[in-house]
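Q: Handing you a structure now.
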Amino acid sequence: MSIDERRVAIGEDRIGTLLEALPYIREFHGRTIVIKYGGAAMEDPQLREDFARDVVLLKYVGLNPVIVHGGGPEITSYMERLGMPVEFVGGLRVSNPATVEIAKMVLVGKVNKDIVLRLNRHGQPAVGLSGDDGNLFRVGRQSAPGGEDIGFVGRIERVEVDLLHHIAQDYIPVIASVGADREGNSYNVNADDAASAVARALGAYKVLFLTDVRGWLRDPGDPESLISEATAAEVQEAMATIVGGMRPKLQACLDAIHGGVGNAYIIDGRLPHSLLLELFTDAGTGTKIGPSR
């Protein structure tokens, strides 16, 4: 193949990618999508840059992205440095008041600001929020799936939707997953639960959960056992056998679907540009969960 032929082939491939994205851009234009940002995508510097560029692109082509983020590995790292015990039950972090303070310090003071600065640098103004700001989240105490007491872990009871709608008109909201109850007690909120609650409250078209695996795996030990598509009923039927960090993600997907969100996705945040690949290509990259047929 000559140099000119290679150039033509490369050009056709790029044009093909753009044309493949066109019907999806048309379908999603003006729609709200909620993105739960966490895991490896937050830890690798290049993936952080890729994510910021991808979200800015979504805004420029007419979508309304809302980011809800965790920061579990960084919270764990700070706790270990301070000699604090780290414990999870049913995929949820056991949280005493000291744990919640560490979570707020890391999520609000560090992780949130980093995301906002990157989005701003790539040309799209973003606003950092936590569940405390403007009473964005009103939370109540939550137990582990087995009923165990896990301390100050909150489940969102209400989202101040008007505040988010107002900000999202001109900015990308970036929300840290902490909140408070009516008495002013602070709670650590699982970011998957928070993203699902925000998606339901906004009537989002889609909610996407970035994680550290390819998606929902039939066999957690086999990365090739990806379930590419499932209904809410199929997920509900399997929930009794799901353990670890995948359980709150699948539950968050179910809650979103039952709350009127169009579709929920679990995608591999370790894959560069996984967000764009899931939204704008025919093949997608992870697990799509939709309403029961």
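For all residues, glycine too, the Cβ spot is worked out from N, Cα and C.
Annotations for this protein, taken from TrEMBL, read as follows:
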type: BINDING; residues: G71, G72, R93, N188; note: substrate binding site
type: DOMAIN; residues: 32-268; note: domain 'Aspartate/glutamate/uridylate kinase'
type: SITE; residues: K36; note: site 'Transition state stabilizer'
type: SITE; residues: K249; note: site 'Transition state stabilizer'
Q: Cα-Cα separation of G72 (substrate binding site) and K36 (site 'Transition state stabilizer'), in Å?
A: 13
Q: Rounding to the nearest whole angstrom, report the longest C-alpha distance spanning G71, G72, R93, N188, listed for substrate.
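A: Output for substrate binders G71, G72, R93, N188: max Cα distance 12 Å.
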Q: Within 8 Å of the centroid of the Cβ atoms of G71, G72, R93, N188, which other residues of that chain place their own Cβ, given that this set defines the recorded substrate site?
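A: Output for this site, in sequence order: G70, I75, T76, S95, A103, V106, L107, S177, N190, A191.
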Q: Per-residue pLDDT averaged over the domain 'Aspartate/glutamate/uridylate kinase' (32-268) comes to what?
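A: Reported value for the domain 'Aspartate/glutamate/uridylate kinase' (32-268) is a mean pLDDT of 92.
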Q: Name the one residue among G71, R93, N188 whose Cα is closest in three-dimensional space to that of K36 (site 'Transition state stabilizer'); these are the binding-site residues.
A: G71
Q: Measure from the CA atom of K249 (site 'Transition state stabilizer') to the CA atom of G71 (substrate binding site) and give the result in Å, rounded to a whole number.
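A: Cα to Cα, G71 (substrate binding site) and K249 (site 'Transition state stabilizer') are separated by 15 Å.
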Q: Could you state the whole-number distance in Å separating the C-alpha atoms of R93 (substrate binding site) and K249 (site 'Transition state stabilizer')?
A: 14
Q: Can you see whether DSSP assigns G71 (substrate binding site) to helix, strand or coil?
A: coil
Q: Could you work out which of the binding-site residues (G71, G72) has its C-beta surrounded by the smallest number of other C-beta atoms within 10 A?
A: G72
